[in-house]
Amino acid sequence: MTPQAFYQVLIEHGITLTDKQKKQFETYFRLLVEWNEKINLTAITDKEEVYLKHFYDSIAPILQGYIDNSPLSILDIGAGAGFPSIPMKILYPEIDITIIDSLNKRINFLNILANELELSGVHFFHGRAEDFGQDRVFRAKFDIVTARAVAKMQVLAELTIPFLKVNGRLIALKAAAAEEELISAEKALKTLFSQVTVNKNYKLPNGDDRNITIVSKKKETPNKYPRKAGTPNKKPL
């Protein structure tokens, strides 16, 4: 997907990028490739692949109408090089983005990226989701949590749901259909007082399969969740 094809798809969805936004995506691509030489950020470095499999893929929740350009508080868990939240922030500057990542080198990259892109309303924290999920500053404070190819729902639910306000939404993006995964996650979702409201398969413009799952939080999370770092992965609910 060339940058021009990317812009055209957005126009077809009613979004026309300004010159500033186009430049932000261009700078994002350049910094991603430069920094990838120093730290492992992505296996995808070809320009057209980055625009398709990182930029376009990241904005799926916007293109499908699940996020609008309003002062939503969004937490991105395990964003790596900033996906999906930074492309969404470029598109919709009104949203407020927080990223938690367990690798400090990636946080350093994100700080430089945000500075170069002149983004405001972005916050980056180094650490484990399990630890932040028990911190009152972060717990039950977000409208939306996003996670792109982070973990199976059975594990992901415990890492993300505690951060949501009641009626907040987890938006999980994956490469493959998630039917079996959701069956395995039924107990975890019930324990965390949350339920699946959307589970939708779609395709990228090149035909690759993708899946978006949205989980809504119905009641406050029991205090004991998330359990200590590493436990959700080793002993899923």
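Just so you know, glycine gets a Cβ as well, placed from its N, Cα and C.
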| task | Please pick, from ARG106, ARG148, ARG169, the residue that Swiss-Prot records in the S-adenosyl-L-methionine site together with GLY78, PHE83, ALA129, GLU130. | result | ARG148
| request: Express in Å, rounded to the nearest integer, the largest CA to CA distance found among the S-adenosyl-L-methionine-binding residues GLY78, PHE83, ALA129, GLU130, ARG148 named in the record. | output: 20
| task | Under 8 Å Cβ to Cβ from PHE83 (S-adenosyl-L-methionine binding site), same chain, six or more residues apart: give me those in sequence order, or none if nothing qualifies. | result | HIS54, ASP57, SER58, ARG148
| remark: With neighbours defined as other CB atoms within 10 A, the best-packed of the binding-site residues GLY78, ALA129, GLU130, ARG148 is ALA129
| task | List the helix, strand and coil residue totals of the region 'Disordered' (216-237) as derived from DSSP. | result | 4 helix, 2 strand, 16 coil
